[in-house]
Amino acid sequence: MTCKILSICLLFLGFQHCSSRECVDPLISGLYASSFLASSRYNFLYSANFAKLYGSSGWSPSPRDRQPWLQVDLGRKYRLVAIATQGTFNSYDWITKYTLLYGDRPDSWTPYIMEGGNSTMPANWNYYQLRRNVFHYAFTAKHIRLLPQAWNTENGGKIGVRLELYGCPYDSYVLQYNGDDSVVYMYPEKRYRTQNDHIAINFKTLEQDGLLLHSEGIQGDLLTLELKRGRLYLHISLGSSIIHKVDGRTTLTAGSLLDNLHWHYVTIKRVGRQVNFTVDSHTVTAICKGEFTTLDLDTQLYVGGVIEQNLPHLPTTPNFLGCLENVFINGINIIYMAKREEPEIRIPRKKKMHYACRDILLKPMTFAGPNNYLQVPGYFRRPRLFVKFKFRSWDYTGLLMFTRFADDLGALELGLSEGQINVTIFQPGKKKLQFAAGYRLNDGYWHTVDLAARDNLLTLTIDEEEGSPLKITNPFTIRTGDRYFFGGCPKTNNTIRKCETKLNRFHGCMQHIFIDNEQLDIDIILQRQWGRYAELLLGTCGIADRCNPNPCEHEGRCIQSWDDFICVCENTGYKGEVCHMSVYKESCEAYRLSGKYWSGNYTIDPDLSGPLKPFEVYCKMKSYKAWTVILNDRVDGTKVTGSSIDRPYIGNVNYWNASWDEVSALANTSVYCEQWIDYSCYKSRLLNTPSKEVQKCGCAINQTCTDPKFQCNCDADYRQWYSDKGYLDWRDHLPVRKVVVGDTNRTGSEAQYTVGPLRCHGDRNIWNTISFTKPTYITFPTFRPGSSCDISFHFKTYRDHGVFLENSDDQLRNFIRLELNTTHNLAFIFMVGDGIVNVTLNSPVPLNDNEWHFVQAELNVKLARIKVDYQPWAVKRFPGQTFVTMKFTHPVVVGAANRTLRPFLGCLRGLRMNGVTLDLEGKVNEEQGIRRNCTGECLNATIPCRNCGQCIEGYASYTCDCNNTAFDGFYCHKDIGASFEIGSWLKYNIRKKPITDEAAWANWIDPHYDNFSLGYNDTADDIEFSFSTVHKPAVLLYISSFVQDYIAIILKTDGSVDLRYKLGLITHKYQLTHRNLADGYPHYVNITRHNRTIKTQVDYMEPIVEKITLVEDARFDSPKSMFMGRVMEVGDIDYEIQRHNSPGFIGCISGVRYNVYAPLKAFFRPNETDPPVTTQGYVSESNCGAFPPILGYVPWEVDPWFTTIEYIYIHDDLGLFWITVIVILALLLLFGGLYSIYVYAYQQKGSYSTNEPKNLDSPSSSRPLTETLRREKKNLPEIEEEFRSD
């Protein structure tokens, strides 16, 4: 039991470290001097054992050491997470770059490769400051070796190192597999059924193929982890069904070049259908196919291979050959159990297993420098030549081997060219002989080259394929030379038998070198100085796959060399170094504005560099707008028969050349869209709702229906053909995705429908404009671009400096910033790797001329660049193997920098980041100096958008976006209200589940930046509605939460209205008005809360301000639902609410809005297929509760949505008694006013007053005051009236 608890503890800590503390223990400071080893030392004061952090000296090698290294024996295996370095104490000695090797043995090394494929790590810039590098994935090792690559040379500086490693102890359980072994774990009760899984396994091997894990279930469930061609494949299925045609098999792929005999760390995490598959630092995420969430496996799990009586291995995959370490299955260590021979473990064939990893000593070498080469000796003047070796590389060309024959008989060259092995024989006075063999040998895998030659015969065998060797039988003479060159020729090459080649130097790895049938021991040859080398890394293969994961976006093809990669973007629709930027414009409007005035087929990309693919549309160009037309497969008409309401006909509408998401993106970004619908019927009803005013056909609006009792022609249900047709132009409901017909199953019933093409014009993203009139800024959610980003926007300003936008982390160690430095300089400043980089564009013309300028900026692993208007790009290219880390934590700040304000004053328009448009206009705040638009109709609109509707600027015209309001109409001026009868109620679901504890805790720690962690603001509420009723009491509006918090507006028995807030444990009660509002007239209620201040207003009277005390909670936690008509919440309800909840609200309510939620609009004007609204009883649309607007009614002459005149009903049934009372009260008030005036005049009689002017600072009292004021009045700017809705 103790062992099992230990195993579970090891699993949950990720890398089998059972400790509650973090894995950041210093590992070197406590070691003895015998644990340190170095290639050499400067003198005894700079020995290796002095290389401890904060020590009084440091390690420095001998100046004659050509390849210095410092090695540390940790004494046991540790999990390593970070390294820190310093220079030698009180000196000019420090390193600036180094390479780190690690391993379980001191003669077999694995290079640490940083993200981006770079093995060179940054180090120090002085001797005393600490440089800490955190590994992007943790690894295990017993030995480490540090190789200095660059160091300080100023003031006599040399190599100087003090270092520390950080990590924690690591318990290792290892099992050796020889290809014919297997360990079988028997499931308890012979079944394995889980909702979640956590599997961890470490392995190393030389083989490209092998099975690591395998288990199956009788219902099609599957879990298989296998190695194929050096890549790891995870096959998982949560269940399949042949009857229902459900194939649940899902395959994930990760890793590359995993056959390098290095330890690789695999983690599989599954929660329901979501699977995270991690190999080293590469994580792949997928959702399992099908609808099942449980993994049902039967009987047993095979580890390392499948061995049964008639099945030595799986048909398609051989058993694993190599070492496995710490195989954990949901907290169970399989190798540990096998070592203890527990009964749950079965060993097929009772074979003895080896619980230790017997490494094969390969001694590979890495050719990684610009001048690398290896020179080794050979036997002189032999008539036969034998050379054999293994290599792996990504390069297309490079010198593999060169040797010059004895007696000046020529030379032999073995080179890599276009992925083939080229053999060239040079003979004095004769034409060279050249032959090629092999295909695509630069694929990164190990390949064997075996060359044998004698007089007039040469044989070349690739990858030991004896059946098809290359044979050359031309006349030539072989007499071996005394030296062989691998990887390149040395620079100092003055000997008689010198190395000469036109090939580039080879970059890659080699091992198993045989000369004249004898394997070379590189260590002995170099130790005895029989050979020479330069820029060679011994004992390891440092190859990295830069194309896995693919750095090329949008399905670009990656081609790599040893230290770099390129992206081929042909036929993708994108361009750039990583295929990030779209080739096409975002809309037909963008083509029109760029000068394309002719109609025709165009390819558009609505999200530009976003994930959606570009698609082809028809652009109908006009002088003032461009129409976008997309056809579909329902344009020609579709006949429907035999459908019913229970089994309706569903016709999907498929659009040409575009998916549903792509067409929706076009509609969402357009200013206006429309789509023609034609429904022809023969005894087939369309809406069948004669009593509902909302659902109308065109004939009901035009009053031309065949039967005036119905709202549609087809609802008359006649035995003859009729049709209902018209345009759908509510953009939120477009495009039409499917058509459902349910009344063609009666005798003779038949219908035919036609869906016209989607037609849109305008681009809301282009004209999304704000102006900064005060030093301020706005924020947006954190930018998460990955490894590449692009930013574009228009600006105009008269200032000579200002920050456009910035995004950063907490310490400002990772940030991007775009700013105007001077009148001519535009700067793109960022820190996304090692150090701050500044890319500045120097414009020949001033940029603060108050004209629009278009800015584009791009950043990826290849380069950073910035451009303005049509000027050339200012480009900063990065060296190869660069990695870009854009992990920001702060929100995007627009208009200023986060810490150094440097505000921007001017206008911004069309801001996009990675193809996503930031809604600038949604951040408008007049009080803070953020105004909508820069110039245009919205600023001086004759009829402004009402009720907080958003004015969309068209410069020559404007439209109103009412999406975030509770109103409708062209100017958002039409109330959407409802009439509630007795017993009826409406429920609107704000959230389906409560706020997570993590999000609530993050919001509690840092509630700034508009509560990004919650998705809403829990310290601010905005409620408004109007109502009319004569019944009391009632709960007008109730907002519940997943906790005990609630908001309630109550109409009491005396007609007064109370507001009840419950925040936390205390219920706050406020009286909105003492008047009787149950008088049958419309009344308006507005409640605004910001933090602890509550402002209430009834019927536009003087607002009342209330305060919540500091000792009370001011957060409305986890809102759940809104109720109107009656509170039908589940659970405990406050007694005061229950007392006023019966019989419910009876009357009219209109314009209901809570923050951004408008329940009546969601119910009567749904913009989604399944709105979160539930009703009970008779709730019909009516504006009888609408309060008269303070700006007056919109004249019907200027309302594009006007259909017919609405006659307002005026109450004339007051009666003679009430008219008499009102007249008497008016006369009393008149006489009282006259009497007050008389008394006031009598009291002032005989008093003395003077108009003598007093001393004035400005204007001067020596001049007539009226003259001064008249002159100053001429200089006052004209103040234009602006309308604003709270």
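Using N, Cα and C of the backbone, Cβ positions are placed for all residues, glycine too.
Listed in TrEMBL:
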SIGNAL    1-20  signal peptide
DOMAIN    23-168  domain 'F5/8 type C'
DOMAIN    174-357  domain 'Laminin G'
DOMAIN    363-541  domain 'Laminin G'
DOMAIN    543-580  domain 'EGF-like'
DOMAIN    579-638  domain 'Fibrinogen C-terminal'
DOMAIN    767-934  domain 'Laminin G'
DOMAIN    991-1184  domain 'Laminin G'
COMPBIAS  1250-1265  compositional bias 'Polar residues'
REGION    1250-1286  region 'Disordered'
COMPBIAS  1268-1286  compositional bias 'Basic and acidic residues'
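The stretches the domain 'Laminin G' (767-934) and the domain 'Laminin G' (363-541) do not meet in space: the count of Cβ pairs below 8 angstroms, excluding pairs fewer than 6 apart in sequence, stays at fewer than three.
The domain 'Laminin G' (363-541) is not in contact with the domain 'Laminin G' (991-1184), judged by fewer than 3 CB-CB distances under 8 Å for residue pairs 6 or more apart in sequence. This prediction places the mean pLDDT of the domain 'Laminin G' (174-357) at 89.
Residues 113, 116-117, 119, 231, 255-257, 260, 282, 366, 368, 392-396, 444, 507-509, 603, 605, 609, 613-614, 787-788, 790, 858, 860-863, 880-881 of the same chain sit 6 or more residues outside the domain 'EGF-like' (543-580) yet have a Cβ under 8 Å from a Cβ within it. Residues of the domain 'EGF-like' (543-580) grouped by DSSP class, helix first, strand second and coil last, total 0 helix, 10 strand, 28 coil. Residues of the domain 'F5/8 type C' (23-168) grouped by DSSP class, helix first, strand second and coil last, total 12 helix, 71 strand, 63 coil.
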